[in-house]
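J.: Found this in TrEMBL, in case it helps:
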- C:29-199: domain 'CobW/HypB/UreG nucleotide-binding' (DOMAIN)
- C:Gly33, C:Pro34, C:Val35, C:Gly36, C:Ser37, C:Gly38, C:Lys39, C:Thr40: GTP binding site (BINDING)
Amino acid sequence: MSGVHATARIRACADGRGGTALPVLDGDGPLAVRRTRAAGDEARVMLVGAMSGPLGGDRFRVEAEVGGGARLHVGSAAATIALPGQLKDEAHYAVRLTVADGGELRWLPEPLISARGSELYVTTHADLAPGARLVLREEQVLGRAGEEPGRLTSRLVLRVGGKTVLDQELACGPGAPGGWDGPAVLGGHRAVGQLVVVRPEFAERPVAARIVGEHAALVPLAGPAALVTAVAPDGLRLRRVLDEALADLG
Amino acid sequence: MGRGALLVLADGRFPAGGHAHSGGAEEAVRAGRITGAADLEAFCRGRLHTAGLVAAALAAAAAAGADPAELDAAADARTPSPALRLAARKLGRQLMRAARATWPSPELDAVARAFPKGAHQPVVLGLTARAAGLGPSDAAYCAVYESVSGPATAVVRLLSLDPFEATAVLARLAPELDLVVDRAVAAGTAVPPALPAASAPLLELGAEIHAAWPVRLFAS
Amino acid sequence: MHLDHSHHGPAAVGADARRADGTRRALRIGLGGPVGSGKTATVAALCRALRDELSLAVVTNDIYTREDAEFLLREAVLPPERITAVETGACPHTAIRDDISANLEAVEDLEDAVGPLDLVLVESGGDNLTATFSKGLVDAQIFVIDVAGGDDIPRKGGPGVTTADLLIVNKTDLAPYVGSDLARMAADAKAQRAELPVVFQSLRGADGVRDVAAWVRARLGAWTA
């Protein structure tokens, strides 16, 4: 017996009239995708969780590909909640993003909530051409209100022009390597998030490192990218800090 | 060569600049996250399984002969904080100086020439182990031990913590050091290296906060 | 050490007299002494006295390094790019004696950034037992005490007082007010140091640093000879 396997695919390309077309927009099972109203030349897509999940043993995969000159915005209708399943096996959620030269992807899903007893491994790989642009937000909330978290491991890999610019993994919850909730890692905070912004112009003019909140910093990465890392007591305050930092970047 | 050379390299008095770095402990003390031995232990444990694991895998890979430039780029990608990238390169340069004086080798000279501002310290540590006739596991042990001994020594100075208590913290962590070394060596000596990327948000944030202080005792 | 190499190799490993490009490096003089004895004021006065004739830079190591660096910046004795502060993890004596790697990097970075330099002054706070510089870091060292610290310091000896290449007894203008006997200090210093020189100075008067500046010039003459 195995869990649910589901894949969603989105492909965006320039429609030749200054807008963005979506020649591929597929989702199955628990991963439905909907086109929503476009904003200017940007196509908008919503990930809609048709079932709750992922549960133990599930394998979810989302692929988004943005061609040259296309602009795609992807959000989600609600938070994703990792829940314990019938199966002892961990769940996997893989996100694969590719953006071509001159393309832009804004990947702004709602948070991932790690519910008690769940075990989820999330991987996000963003592969950008040297002239591509990206805004990517990742938020993890450890446990629903007042609940202890499940086991969550989240790896984020950003490559620009074939060079790995960011490779980070955060492991937390019961069974994670020791010290995850201690003063070096999360220090009791229950929400942690990252905002990655890639712009070709950062290669020449990197952002200046600065503190952007009580527990948030904006830093230049070793490539044409900036990263905001934040921890907060809850998802609401985390979102506020990340939103302010993004607005601050202009 | 064997344990003799390992003791020389692992000695806290090996003159490679580590004494002036707190591994994030100075900021954590100021912020109130470390107030005594129990917090120090939790801090060191978290650092061991994140920055310590990554450093140990890089060191093991370098000791096993992986390409230093590729490892250095991998270290950059795993170190989002520019303050920490700078500290790692400074320490790498300082270690390179000590290594070339103690275990002269053409391989060290070549890397010193290729990275005049310093390569990431764990990469240089692995190369130093090679030059000293040591292996990947030795390099990984040096890296994981440094990842916890640095903060422990710093907290002794910053909080006037009883040094016996601080050393007992390190002794309690010793079995976990062994486990992390095993993971790091397996990852670092795979072909190609399957480098871990374990991260610690508060270490990254704290490093940026610390770097912005006008006055500090430790360099990082 | 590779005292005679002239090839373009990687950076030096220790107190090599030549830089990687084969040129002679700057003379390095360490200044140590207890907090408040007037090290930084002496460094500032030396910079003013020598900056028109020499290319100078300063490295400071102190408990709160930046304070000394900022004092020098405030006094505008040198442009900011010629002053570097080294963090020492609350142990300046370690950084100037046991593990000199950060100071060597600082000195070499200054030479690369604003060189060529004739002279680098390396300053560190510390008492008689701890403020001794490694020969791998400096070519000569000055120990600074002041009359207000007690006129028995020279008699007590210790590494700083006994072995420094130059002993400065500072703030001589205060001697009458703190009851220090300068003649006794001079005799005790002579007994501890034999032929090594001692300078009594007050930086209150015009050109108070004259004797120390002359000593530095003589050292530099020997270095470049």
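Yeah, the Cβs are placed from backbone N, Cα and C, and that goes for glycine too.
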J.: Within 10 Å of its Cβ, which one of these binding-site residues (C:Gly33, C:Pro34, C:Gly38) has the largest number of other Cβ atoms?
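T.: Highest number of other Cβ atoms within 10 Å: C:Gly33.
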J.: Given the binding-site residues C:Val35, C:Ser37, which one has the fewest other C-beta atoms within 10 angstroms of its C-beta?
T.: C:Val35
J.: Using the recorded GTP site (C:Gly33, C:Pro34, C:Val35, C:Gly36, C:Ser37, C:Gly38, C:Lys39, C:Thr40) as reference, state which further residues of the same chain have their Cβ within 8 Å of the centre of those residues' Cβ atoms, listed in sequence order.
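T.: Result: C:Gly125, C:Val144, C:Asp146, C:Asn170.
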J.: Where does C:Gly33 (GTP binding site) sit in DSSP terms: helix, strand, or coil?
T.: strand
J.: Under DSSP, is C:Gly38 (GTP binding site) helix, strand or coil?
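T.: Once the DSSP labels are grouped into three classes, C:Gly38 (GTP binding site) ends up as coil.
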J.: Quick one, of the binding-site residues C:Gly36, C:Lys39, C:Thr40, which Cβ has the fewest other Cβ within 10 Å?
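T.: If we count Cβ atoms within 10 Å for the binding-site residues C:Gly36, C:Lys39, C:Thr40, the smallest count is at C:Gly36.
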J.: If you average pLDDT over the domain 'CobW/HypB/UreG nucleotide-binding' (C:29-199), what do you get?
T.: 89
